[in-house]
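Working notes, structure below.
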Ligand SMILES: Nc1ncnc2c1ncn2[C@@H]1O[C@H](COP(=O)(O)OP(=O)(O)OP(=O)(O)O)[C@@H](O)[C@H]1O
Ligand SMILES: O=c1ccn([C@@H]2O[C@H](COP(=O)(O)O)[C@@H](O)[C@H]2O)c(=O)[nH]1
């Protein structure tokens, strides 16, 4: 049995992983009982030992294992976690369309990219003793269950981390909007967007060194200022259904757990 979440074991079957994970006592109190964690796809390609060398493409299995261990650490606190993964490390529809592809076809490629990332994350989580299910918005019976809302909730109640693949299943959207949509469907308390910046800034911090980070922002401000850390559809949806969003840096060890426990890191967006 693997009782150390940070130590991978190649021999833990999903069934024994489930028994082990459910027997772990919670260490701290989570702020929400259920969250939707949105993971940057681009982060799956990053080389954590040489972060200055990014951006990368493809899958960095060491990094994915590290991200999984961060999720495991938050999971041990006792929060139910659904995950939506992006595919910025594989394909972004908008970029492929700029290069001449038909946008809808490019978007479907992007959604398939999220399935690849979801399967990689599932494997890394189960190697670390956490039971999981991948549910896909595009039918793919051989590799993932279809997304069925009530079934997803049941998996979460049983202590499984549910990885929601293929975005919304529709082109012309992004995984940010998928995260907002699924958060509402599964009644998550918050969308936690783990990305490659420390929060939301007044301007893109990758382009402007003097950009200033907000600790808290209203949805109205995000929309009015057209802050592009997340797409406007996702902000509008979360505003409408009053789902808070926390944007924070995935590259800092312990951040997912900190956010889950209510520590004030990154930027909190809500109907203030
Ligand atoms: N006002 C802003 N504050 C913070 N980041 C911003 C802002 N405007 C633009 N950005 C950019 O938003 C990016 C994060 O969003 P992005 O959509 O690229 O990634 P993601 O959704 O986390 O993951 P994926 O790689 O899966 O698409 C940052 O890298 C940053 O450069
Ligand atoms: O509902 C969705 C979700 C995603 N897509 C396409 O996939 C890529 C990758 O997602 P990111 O959020 O950019 O990481 C996205 O660019 C879209 O092309 C989609 O069409 N519908």
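For all residues, glycine too, the Cβ spot is worked out from N, Cα and C.
Small disclaimer: the values here were computed from a predicted structure and weren't measured.
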Further UMP ligand in TrEMBL, beside 168, 169, 170, 171, 172, 173, 174, 175, within candidate set 107, 123, 220: 107
Site extent for ATP, whole Å (max Cα pair distance, 38, 39, 40, 41, 88, 92, 195, 196, 201, 204): 23
Binding-site residues close to ligand 1 - of 88, 169, 195, only those whose C-beta is under 6 Å away: 88, 195
Chain-internal residues, separated by at least six, CB under 8 A from residue 107 (UMP binding site): 93, 171, 172, 173
